[in-house]
Structure formats: C-alpha cells, structure tokens
Amino acid sequence: MGRRIYGGSAVIRIFLFFFVLIFSAASALSKNPNPSSGSGQINSNSVLVALLDSRYTELAELVEKALLLQTLEDAVGRHNITIFAPRNEALERDLDPEFKRFLLEPGNLKSLQTLLMFHIIPNRVGSDQWPPEESGRVKHHTLGNDQVHLSNGEGKKMVDLAEIIRPDDLTRPDGLIHGIERLLIPRSVQEDFNRRRSLQSITAVLPEGAPEVDPRTNRLKKPAAPVPAGSPPALPIQSAMAPGPSLAPAPAPGPGGKQHHFDGEAQVKDFIHTLLHYGGYNEMADILVNLTSLATEMGRLVSEGYVLTVLAPNDEAMAKLTTDQLSEPGAPEQIVYYHIIPEYQTEESMYNSVRRFGKVKFDTLRFPHKVAAKEADGSVKFGDGERSAYLFDPDIYTDGRISVQGIDGVLFPQEEEIVESVKKPVKKVVQPRRGKLLEVTCSLLGAFGKDTYLSKCR
C-alpha cells in the first residue's frame, strides 16, 4: 500500500515539473511574440515580404533603391507597422517626371528615404480603428519623425490628402498595408525640390564679354577684374586640359583658381554611381573607376566651371571592342576622350540641332577630332558607316554641369587620307615687251612711208 502511494507521488512530482516548464515557456512567448526579432531576421509571413511580392511594385522598387530594408526590418522587430502604399499609376504616370528624377538622383537619397518613411507609421491602424467623422483629424507620427493625419468624411477614409482605396489590402501578424490613390509628400522633401528647381542652391552665371587672350602666350593680356563666383571659364577647355603623361598635370587656368565654386569630384562620382544603378553601362563605369586620372581630370574641369556631355556606350557595344583596339598604350583614355563633348547637351537640344541644321559636328576632348551627328529614324545618330551609334538611353544623368547620354555603339574618329597634290613648275615663255614710245614712233614712220626705218621696228 505504501509502495503504491510513493510511486504515485513521484508521478505527480514529474507531472508538476513539466507543467511549470510549459507555463514558463508560454509566459516567455507571450512577452516576446516575435522571437525572430532578436536575430534581425523576418519570416515569410511578414508584412515586408508581402509588400515586396504585392501589387505595389513601384513602391517596393523605391524601398530597395532607398536602402531601407534593414531599417524596416528593425522597425518590424520592435512593433507593428502600417504602410500606406500608393498605386503604381500614381508613381508611373501621375507623378511629375522632374520630381521623380529628383528623387532618384544619388545625391538626394536622404529625401527619398524621408518620403518613403512618411508612408509608414510605427503602430497598427486597421480600417476598423479609423477615427470617426466627428473626431476630426487624428495625428500619427511616422517612422521619419513627421506627422500624418487620419480622417473620415463623406464615407471616405483619408490619410492627409490621399484617399484609402484599398483598406486592409494586406494584413500580416506584424503589420498591414492600405492602398492609397496618390503619393504622400512631406513638406521637407517638397521644399528641397523647390529649392533645387528654383536654382537657389546653384550660383547664377551672368553673361559677360569674353576677355582678350594673347594667342602667343595663351594668357589674358591684362589682369581682368575679379570674376564673380560661378562665372564661365575665360579660356577654352583645350587650355585647361592636363598635358601628356610625361609631364606633371598642371592646374586649369580658369577663373576659379584654387577656390573652386563647383564640386566636380562629387558630381563625377554621382554620375558614375548613376551608371551603375541604371544598368547596362557597367563597362563604361569600370573604365572611369579604374582610370582614376581620367575621372580626376573630369572632376577638375567641372570644378573650374566647364560643362561636359558624356556619350556612354552600353555594355553590348563595349563587348565588341577587339584586343587590338585596346592594346595600344593610352587607347582606353583616347576612346573615352572621344566620347566626351565639352558642351552641355541633352536629348532635346541635340535632336533640335540635327533637325535644324542637318549634320552637326561636336568638339570632343580628343583634339582635334570631332564627332558628327545627324537625324536618323527619329533619333540622333553619331558617326558614319559601320562606326556609327544611335542615342539609345537619353538623359541618364543631367545635373546642369554633366550630361550622360547612352549610345549603342563605340565611336572612333574617321580616318581621313591626306593627299598632297604635287604641283610641277610650268615654264612660261615671256616675250619681251616693247616700250610705249617705240610703238608710237614706229606707227608714225609707217604713216610717212619711211620703209628704211620701219624695217628696224620689225
């Protein structure tokens, strides 16, 4: 009897031990409902995964370009989130192209991040939790420390000025997504865009007469008056180019001197990064990165006030280059120099030029060669014959100082055969000319019939 009681108490103690263990685990899970948040990983049922695989492809693409995935993963790990996702048409057709170009420029990454985080609030607000109409506008803080207002009126749920067209479109344990009709733009991003568009952050260049340059010394004849900041260089770009590799590079003789008014190095880095992010121009970007002297030269020219247009061949065109074309010393530099025009040209300006003048020749940094352009098939065609290329991806990068235009071929200067005409000297028989007085005398003798003297005149 006692032995059975003892065995029964042992079973009871084991049962109580497992009960306490299960109760402790349940308490820990209730305190930490998202156990994967500590490791920084998200599961397949997360609202972020739902966003990337949803109908809102334009917003998902902007989130990836803005490098916000890690930030959003951390936010999901701490609390639920609510995402207001604009429909694709609002980002494709309804958005101002100039504003979209402003957001995608590498130098404006902070503005893009601020705009996207303006669409996310760090708590869960479902359609059933929307404020009633009589309560007016309810304020909520966003991930970017801005404020959005939720309201309900005339049967429409609103977030600021955007209508909720798909309430509770995607719901997940760690958040939900509402579809909205338009993009939400915070005041700070709008002010940055307006400041850029009104050119308040760029020094205005006033037109002034060109100073006199001594052709013998290639220098200004007289010390010119102080040049305002941002004025165009007084000397041509040929004078600002560094000498050959055997000599040390000389500073450009432009008006900026040591005090540059433009950050050319940063602008060159921006357009190289743009080529990499744009896709299809990795070879051209690699050449500019590896040839550091070339990128430095371009940055220095832009810092001195010069403007450049880069005709960038795409990867398919660069792959057609042969070993012979690249084996000669300095061949890559010469190829790139021939694709740089010392003017600021956009697709519109080049197309208008070839439409108006027919065939246009642009100067290049590979002096004295020029690149010819003409209209063909509704676009701009550079070069002639097999060594021609079409304007393929227009206005990849335009910032007012550097313009990058994508082309589908590699351009080379035309080989002009110089034929020297050899002129043979021709001997001319010069007959002696009699004087005027002798002619008059002979005519008088002939009139008087003096044949004896007349024979001497003959």
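Heads up, the Cβ atoms here are built off N, Cα and C, so glycines get one too.
Ranges compared are 102-154, 208-260, and TrEMBL records region 'Disordered' for 208-260.
Summarised by DSSP class, the composition of the domain 'FAS1' (268-411) is 63 helix, 39 strand, 42 coil. Under DSSP, the residues of the domain 'FAS1' (43-184) split into helix, strand and coil as follows: 56 helix, 40 strand, 46 coil. Note on the domain 'FAS1' (268-411): mean pLDDT across this stretch is 89.
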